[in-house]
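What follows is a single structure, written as structure tokens, with notes after it.
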Amino acid sequence: MAEKNQKRLPEWIRVKVNRGGNRDELNKELRGRQLNTVCEEAKCPNLAECWHERTATFMLLGVNCTRACRFCAIGYNKPEPPDPKEPENVADTAAKMDLEYVVITSVARDDLEDEGSDQFAKTIRAVREKLPQAGIEVLTPDFNGKEDLIRMTLDAMPTVFNHNLETCERLSPPIRGRAKYKRSLEVLKNAKAWSQGKVLTKSGIMVGLGETDEEVIQCIHDLYEANVDIITIGQYLPPSRKHWKLDRYVRPEQFEDWKEYAEKLGFNAVASGPMVRSSYKAGQLITAKLQEQQLNLKN
């Protein structure tokens, strides 16, 4: 699966390049507080655009993951000890940026007893204290499906609980390794139930890994059956030749067809397109109406 990929980028996949200004300022702020972003570690193609717009996805618990998913650019190595100052540093940076929407993710930390759930909870609360009106989205690992760990994160009341399904059931074992398709669906369904509907749920899939169009439809259907509110669908782009081989580039028209199908099923919000990523323009998916609904539920 590591053979050289000869496919050239099609005309509809173009990465925006923005340098200087806000991007440099944000980079300086992140480095000064020793914070990591998934934008950098996962080699996101939208990094320049997002940083220029002063948005970033904070990544907790270091840069080394305890899993080695075949699609992911994040390092697989012995993880660092959790930084007790990290929650406050994230909150301070988010406040300095005056963010209206804060996205927080982490590497998988199967080595920790709480698998990182406590750091998520502390960071949510720290951000909420500094930015009480901001939306907060967490993109979490599966916590091996453990109820107490998922509840720990939910109890901190993020606006959105996001856990990515990533790919179809057939491709999950070779690509996602220790993660399991049905377990991810259970995590999402349970998150909705355990929060009593007070937290929106979200998930994303990539295409171009070898799935069929029918399997994409099945993923969308399965996520809807798991009571997921928001779905994202984007094009897989291999981070390197050593990663899972690209199978195809999906045309924009097909992404639009999937978006229409998902909307007809009843998802509250859908983002589907070649450059869509799980956290890309995440705040724009949470409409004022949805935020109002959630605030009413929490009050």
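Positions of Cβ are set from backbone N, Cα and C atoms, glycine also.
Unlike curated entries, TrEMBL annotations are predicted automatically.
For SER279 ([4Fe-4S] cluster 1 binding site), the number of other Cβ atoms no farther than 10 Å from its own Cβ, over all displayed protein chains, is 25. When secondary structure is read from DSSP and collapsed to three states, SER279 ([4Fe-4S] cluster 1 binding site) falls in the coil class. Residues annotated as [4Fe-4S] cluster 1 binding site in TrEMBL: CYS39, CYS44, CYS50, SER279.
In the three-state DSSP scheme, CYS72 ([4Fe-4S] cluster 2 binding site) is classed as coil. If you look up TrEMBL, you'll see CYS65, CYS69, CYS72 marked as [4Fe-4S] cluster 2 binding site.
Sequence annotations record features per position, and here TrEMBL assigns domain 'Radical SAM core' to 51-268.
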Cβ neighbour count (within 10 Å, all chains shown) around CYS69 ([4Fe-4S] cluster 2 binding site): 20
Distance, SER279 ([4Fe-4S] cluster 1 binding site) to CYS65 ([4Fe-4S] cluster 2 binding site) (CA atoms, angstrom): 19
Cβ packing number for CYS72 ([4Fe-4S] cluster 2 binding site), 10 Å threshold: 22
Alpha-carbon spacing, CYS69 ([4Fe-4S] cluster 2 binding site) to SER279 ([4Fe-4S] cluster 1 binding site), which is rounded to whole Å: 18
